[in-house]
Amino acid sequence: MRTIFNAKIGDAAYIQDELSSSLSSSVASKFKEFSKRKRISDSFSDLSEELERIGLRQMRKRIKLEKSFERTPKKKVQTKKHLPPVRKKDSVKRRRIIIASPSDEEHDGKVQTNDDSSENKTEKPKNQSNCSSNASKLSEAAQLLNVSEEKSSISETELERSRQVALNELNKSERFNKTETQLDISVMEVDSSDHDEEEKTEKVGAKNNRSLYEIVDSDDEEEQDQDQSDAAKPAESENHSEIKKSTSFMDQMSGAKGNKSVYEIMDSYETEDPKEAGKNEESDKDKPAENGKSDKDKQAETEMSDEDKPSEIKSPSTIKKSIISTADEEALLAELASSDLSHLEKMFNPLQKSRRQSLHVPSPELAAKNPKLRRRSERVEVGNDFCPSQSFVDMVAEKKRQKNKRKRLSKSLSGAPEDLEEMEIKHERKRLKSSHGASTDSMEEDNENETMTVAEEHHSDGEVSNGEVPIEEKPTTSSEKPSASELPEEGNSAPPALKKDVKRLQAARQAVSHAVNLLAPPKATEAEPRTLSRKLSPQPPVVDKKSAKQKKKGKKKQKPQEASPLKSSDEENHGHRIRTNAGYVTVVDEPPTKVPIIELIKTSSGMVRVEPCTPKQKYFRELPPTPKMHGFREEPGPSGMSRKRAKHAAPKVEHNSAKQAALRFKEQIFARRS
């Protein structure tokens, strides 16, 4: 560059060409290097991002798996290291069962993949030289992740399926969402070739990884149970449920298989159907999901699972126990079905008011044979030798017929059915007294005549009906009682027609009285007619008399308010007192004109008003038209002379003009005579 700048100024074009060529070559080389580095860094960053994404995905899957493992039961397969050491006094050959545990393989694979992912996360590129190694590591990690993903997908689907089975087997009451329907168990569709390959790999894994169980001969069962109970105590704190299941499994195996060799047991287990094995696995998974249930539910489930297992595994003792328990239950159910439990309904009912009764209730057969008798007199009827007379039979039949009749009782009435007719008669008399208290003897006679005519009509109707229907002759002697079914028919065949007619008459009367009350004004009912009007009116009073309380209220008349005496002060009596030159003049109000009370007379046609001009007495005299009759008031005359003397000897009147003028003036002012 220096050489170029030291050249002549005239060679500007040359300098420009040289500069551009040198710059372009250097920039191009640098740009190439930069783009190369950029490409590598971009590829590495892309790889790192991809790795992070895969790692996050894997972490999420791992968390999901852990959660599903918590929900769903883990396979509790007891390996040899968990099994407590069994001490035996006599040296007996122990037979071993080898069971595959594929969960260990999955666990190892997961640990490896997690370690690789954690290592890959921590690694970051620092120089260009590390890029190739990092890329190779990344590709390896991706391959491992893909492999682990393939493995975990199968296990995840299996776990999900088992979880759904467990949730379906839960009762509806124990679910959180009680309205939710049963979960649909999605069935996996797998190609047959892939499935066969997986089965082969599983079998190989099962052969490689097997756990051991010790099974002792059936001769030493008792000693083994004792040793197991002794050995189980320290291990209970760590894995209580696992030890219980393992011991029960060992007991079943020892009871069922007896003194078989190792190979026979292995063969029998290997030859089991794969479906049954899958069922057992599912039941094992379901057990921890239902840990929230009570101990009773657990016991019931264990019994059910024992029943579901094949009959080869069950020992004869357990079979006997189950048969005995079922027989007991059946017997108990049969007893309950046969016994009468009606008393239990009333026993704990708080609304049922009764005496304290013992729980022992006699059977219905005994109660039907020996009925409890209320009175000693009724015990006579129990004997079969009792032969009643015809009159007694008729009397019983009549009583039953009377009882079967419909009786209309008011709420206030209460009495035995025998006294009903007497009570009704008394009630009717009281009502008649209250309504017809003011009526005279003639009215009562009319009433009696009406009722008699009604009765005669009814009697004549009865005679006609009896004449039409032939009378049945009663049997003279009959030792047997009439059947209960015949008695109510007799009661229904002869209804009381007289009562119906009387009721119709009463209803008609009530309707007429109601119409009259509507026609007459309400004030008319207040004033009662006098003795004369009663004598004039031959009809009984239609309107029912008021009750005693209303009468008392009516008697209490309002007292007339007495006017206070006039005071002399002008302030108070300024409206009634006028001051004049002659003196004070008091203005007195006219007395209120008496309104004539209109009286009423009850006639056959109805209520009649009495006008004021109608005479009130039998005999009367006509009064002369005097000024007093027209409202004038008399005042006493001048004192000193009697009227007789004034008539016979008139006094001499002195004509004084001045005096007369003064009197005239006085009259004009005061309008009064002295």
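Every residue gets a Cβ built from N, Cα and C, even glycine.
Residue-level annotations in Swiss-Prot identify, among Ser391, Ser513, Ser391 as phosphoserine.
Per Swiss-Prot, the annotated phosphoserine among residues Ser24, Ser248, Ser268, Ser604 corresponds to Ser248. Of the candidates Ser20, Ser103, Ser133, Ser414, Swiss-Prot records phosphoserine for Ser414; the remaining residues carry no such annotation there, which does not rule it out for them. Of the residues Ser358, Ser439, Ser533, Ser568, Swiss-Prot records the annotation phosphoserine for Ser358.
In the shown protein chains, 8 other C-beta atoms lie within 10 A of the C-beta of Ser391 (phosphoserine).
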